[in-house]
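Colleague: Below is one structure. I have some questions about it.
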């Protein structure tokens, strides 16, 4: 194993001449076990040339990988990373080609859902081999208490019972306790849209959706005195949540009971207290007499149920779109393309792999457990196995490149200047630090934009991503013409697989532990009239005891930090210890440390902190 290090000395009887490549092969010898072997590097030392005081010449061939007896020869090169057009030896150009041909035989594309970015064509983690697998060590969640409820396929008897379960499972979680205390408050509903576990859907709107049946008269009493709906729209104080992607999607059957999904439209207003508060909710997309618009002035139970429906819809979109599609799937898409199109010696291969490599294993595990028959989506969620392909293909068709690039996304959604959007503030700071790092890395290897255009490996890489990724009208670059385009695209990948994943994954238990705030399924259809429910009736809409606890157990495991996690822009790979690379890494680490310090200072002043994009807590890749 890599922790058991030793050196093997091999002497040559004659001159080695000019060395271009070193080939290694692992063979089983009689009397020795057939074990994989981790090789760090090969050093070739030549004696001094006879001049007085001359030092031995050492040529280093980095390996930093596991060798297996079943493998073909592994070819190692000395020298630094470089582009194909900068290779000086024909044999080295051929070596790059041989490596990619081999990788393309081993790593192939597979379509799982039509219209969704493709994944790796493997069936199990063992097929990845030791160089693409990883282990994750965490303290493990204590699930004993929640496991005791997994056989109760029945409704909660009252809110007191829910509170008892919450108290025993979330007593040390200060954010969850805050959620429980404020989940009914309108200001907190809006706060979660900005700083909850799914801050990716809210957007400013200057025009009311044509299918939202609200009038200026209906909303007058919720706006500042003397203002009008038109003025509030023009001045950018009206925001929208639109769950159109869920319209008509088939809902799951849980415990033999039909569940229900809705596709709400929710208007929010940025009031004079700088609070974002909901002012109108329509639970289905198509307006009509059986699809009323709920208002804050309605009976308390009607308004609370309408907000619960929005939160239930948000939970489904968060899990499958904001979390799985926008972090896990993008990581795998880019990892497969990198392995197939960028050889080890390509500088972007080395920069990207620490951020995307783990996506293969975690996604294979997800597809064989959470997203499979008898998994948590099948057994507990409102969005079950029939929902997954429909929702993911619709969401993929709506995913644009701009929405994945943080500065563009926040500007487009009108969140870039909201002082109470801590997600937006922190995301921009982390994006800028990563972008500066990537620009510097790209500048080391590409002197001019012409170098980008001449890099055939790079152009094949983006073609592979487009061919097997999102639709061609998504705005993804079809080719690269400038260094700036490359830097932005690489920053998007790194941010999606590190910071964005941190924001949407490690936050989820905090906001869902009090289940009425994030409903995993709804057991009654959306109301078609006002005045039909009391607050006691609301419990009958919420998921059963066992499906609630099953999802909470899953979120508890997903939210556990690992003991061996790698923080953002910290690297174990030897290539990052090289002089020029090391300086760039030290610079970005210093920037991220300063951002962490600022966020900790800000959070200390907040009643409800936002810790999820603090760089010291962000993992380098999607590893859970």
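Note that Cβ sites are derived from N, Cα and C of the backbone, with glycine treated the same way.
Nobody curates TrEMBL annotations by hand; they come from automatic prediction.
Per TrEMBL, the feature domain 'PLAT' maps to 1-81. For 36, the entry in TrEMBL reads Ca(2+) binding site. The site 'Essential for stabilizing binding to COTL1' feature in TrEMBL is assigned to 66. Per TrEMBL, domain 'Lipoxygenase' is recorded for 82-624. Summarising the annotation, TrEMBL assigns Fe cation binding site to 323, 328, 501, 624.
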Colleague: To the nearest whole angstrom, what is the C-alpha distance linking residue 323 (Fe cation binding site) and residue 66 (site 'Essential for stabilizing binding to COTL1')?
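Modeller: About 31 Å separates the two Cα atoms.
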Colleague: Reported as an integer number of Å, what is the Cα distance between residue 66 (site 'Essential for stabilizing binding to COTL1') and residue 624 (Fe cation binding site)?
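Modeller: Counting only the Cα atoms, the answer is 23 Å.
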Colleague: Take every residue in the domain 'Lipoxygenase' (82-624), average their pLDDT values, and give the whole-number result.
Modeller: 96
Colleague: Using DSSP, break the domain 'PLAT' (1-81) down into helix, strand and coil residues and give each count.
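Modeller: Grouping H, G, I as helix and E, B as strand yields 0 helix, 30 strand, 51 coil.
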Colleague: Hey, how far is residue 328 (Fe cation binding site) from residue 36 (Ca(2+) binding site), Cα to Cα, in Å?
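Modeller: Pair distance, Cα basis, whole Å: 29 Å.
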Colleague: Tell me the Cα distance separating residue 36 (Ca(2+) binding site) from residue 624 (Fe cation binding site), rounded to the nearest angstrom.
Modeller: 26
Colleague: Write out, in the order they occur in the sequence, the residues of the chain not among 323, 328, 501, 624 that have a C-beta within 8 Å of the mean position of the C-beta atoms of the recorded Fe cation site.
Modeller: 324, 327, 362, 504, 505, 558, 622
Colleague: Just checking, which of 328, 501 (binding-site residues) has the fewest C-beta atoms within 10 Å of its C-beta?
Modeller: 328
Colleague: Pop the Cα-Cα gap between residue 501 (Fe cation binding site) and residue 36 (Ca(2+) binding site) into the table, whole Å please.
Modeller: 32
Colleague: Report, as a single number, how many Cβ atoms besides its own are within 10 Å of the Cβ of residue 323 (Fe cation binding site).
Modeller: 23
